[in-house]
2 protein chains.
Amino acid sequence: MRSVMLHARRFGMQGHWRILAAKQPACCLRHRATVVAAAESGTAQAPPKPATGSIAAVQVLDEHTAPEKLQSISTLILDCDGVLWRGSEIIRNAPEALRVFRRDGKRLLFVTNNSSKSRVEYAAKFRSLGLEVSPDEIVSSSYCAAAYLKSVGFGANGSRTDKKVLLLGWTGVEQELRAADIPFIGGREFQLPAMDSMDAMKELQVDPDIGAVVVGWDPNFSYSRIVYASICLRELPGCVLVATNTDCADHIGGGRMMPGTGGLVRAVEVAAGTTAVNVAKGGEWLLPYLCRTYNLDPSRTAIIGDRMDTDILLGRQGGLFTCLPLTGVTTLERLQSLPPSERPNVVVGSVAKLAGLP
Amino acid sequence: MRSVMLHARRFGMQGHWRILAAKQPACCLRHRATVVAAAESGTAQAPPKPATGSIAAVQVLDEHTAPEKLQSISTLILDCDGVLWRGSEIIRNAPEALRVFRRDGKRLLFVTNNSSKSRVEYAAKFRSLGLEVSPDEIVSSSYCAAAYLKSVGFGANGSRTDKKVLLLGWTGVEQELRAADIPFIGGREFQLPAMDSMDAMKELQVDPDIGAVVVGWDPNFSYSRIVYASICLRELPGCVLVATNTDCADHIGGGRMMPGTGGLVRAVEVAAGTTAVNVAKGGEWLLPYLCRTYNLDPSRTAIIGDRMDTDILLGRQGGLFTCLPLTGVTTLERLQSLPPSERPNVVVGSVAKLAGLP
């Protein structure tokens, strides 16, 4: 905590606050203009005055002060990228932190918006980084897509068992749909003719049994896929649009960001004139599903995540205890620019601090 | 006018108004939910009562009553698809109407949001449908993209003459960029490696001289193109995003709609965390450009178009006289659901009626 107070004061004294705020990554925001507007606002311009001002400084808890905050917590929902690892690099002492949480009797759920991998593929990634996790503890958005479809009648024994899915996505969702016995077309190897003329689009015949379009991260995303999806959504009665997540972009190291699934979802939404159900953090379906499936008591559940618009939003939606580690996309400056009522309950240097580790 | 009053009354008497409103095409709306909400609103639910109610019926002028409305007008801005033709079918008496307008001394400008063709290609399409139009009278959004770029310094003798354009688009924009001497990469034949791994995206090197990304209708649109565009926009200083238009979808006959440019633009906006400049109808750049270039007097200029969110919006932005023919996407029911203050100045059965033709 001490180090942060010094940190904030230093910015104030040097008058650098505004520049730092304007340098915020725009990854999770719809428009860069929003960031500029925030930087231009009174809140961002005025240097924080921890001692006398009206805006309280963000307190960053350390390994001595953080663990007690989790005393009454029985379930931890952990985000992955930005919390346990960043790209392919493990966060310091993250494996040890998971061991401490388990030793203290806490149930762990790993909830990630990434749709590129299935639960089984994720478990392998956890193991490769030295993290001991079973597939049952992993709730990836690829899994959520299949779980959502089952909840609305797709798959064996469901009320829409005659319906199949059009997947604009990758192997993670493919595997989860197979595991859930939900028939689908599309996916990684979906070949379509070029849609470069009105005639091609007029003549396209879509599979009349499609009852849902799922959009996930899709490196083969194309105009032809948008055409096929929008025709299904506009012309097939009851066909619904499902987004594995709506994240805009992700850090991939070296200051570079890669396009997330959010833009692909928006392209299909606009073309089809409809709105997707977002089954990941940031949407409204996930938390009630988690509460139902894992019998969660919100008052004894904490979420640990690095994104305000997905992780902390999910926690705030459900009255969970919210913890933000500074190892991901959200900076201390960004948190400081928010009114205290919108900040996470706890800010820590890393997930390890919550376990009392350096 | 008589026929419409009867029309509206018939709906009212049969109580069918709400169903008709709910069947509105959602083409130009961001979300189908919006349409449902409109249909659920009090305005849409209550059957219009032309004789005694508070909502005046929409008056549809005929060939006897419409022409006098254009008496003081010296320039007509005409939309194309939905006004002069629909798909490949000419609207009845449209060629004759253009002849009448010219005989009456009116200047004609054909302003279309379609970016797939250049001015020269459009002139050929006009001729093939029996419409006499010169390329100089055509303002296609492909042409607007080049004009906008010139206005901000691209091309020979400009302040950004060292900069080139990344084009996600088709031959129409390619031809207009060449005609304006603006160097570009991309376009129809832009080959990129698959972007199916973080490593591929980390290693991608973009052309450092790119100063603008132009997104138009692009049948070769792909995730790889989104990656390339978003890296340019995020990493190259001053790189701007330009949309030829943001139309969501277009009718192509048989009740089918094709995805427009709007969804492609949104995909790039979300991935890059920025907002595009829309150079077509619906954006803010076009009308001042038209006024400047063609020395328009707004009080003596009319716009004739079938879309509320582009044509009529443009007219309302600039204080033009607005005319909507019922040969395009906007139905009488949709107009009736709007408050009178938001309706076009004149509604006609077709463009021919404005020229006194059946």
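Cβ atoms are placed via backbone N, Cα and C, with glycine included.
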Site-mate of B:ASP79, B:ASP81 for Mg(2+) in TrEMBL, selected among B:ASP306, B:ASP309: B:ASP306
DSSP-derived class (H/G/I helix, E/B strand, else coil) of B:ASP79 (active site, nucleophile): coil
Spatial neighbour of B:LYS281 (substrate binding site) that is closest, considering only the recorded positions B:ASP79, B:ASP81, B:ASP306 and their CA atoms: B:ASP79
DSSP state at B:LYS281 (substrate binding site), helix/strand/coil: strand
Shell list (Mg(2+); ref centroid = CB of B:ASP79, B:ASP81, B:ASP306; cutoff 8 A): B:CYS80, B:GLY82, B:VAL83, B:LEU84, B:THR112, B:GLY305, B:ARG307, B:ASP311, B:GLY328, B:VAL329
Cβ contacts of B:ASP306 (Mg(2+) binding site) (under 8 Å, same chain, 6 or more positions away): B:ASP79, B:ASP81, B:GLY82, B:VAL83, B:LEU324, B:PRO325, B:LEU326, B:THR327, B:GLY328, B:VAL329, B:THR330
Recorded positions listed as B:ASP81, B:LYS281, least Cβ neighbours within 10 Å: B:ASP81
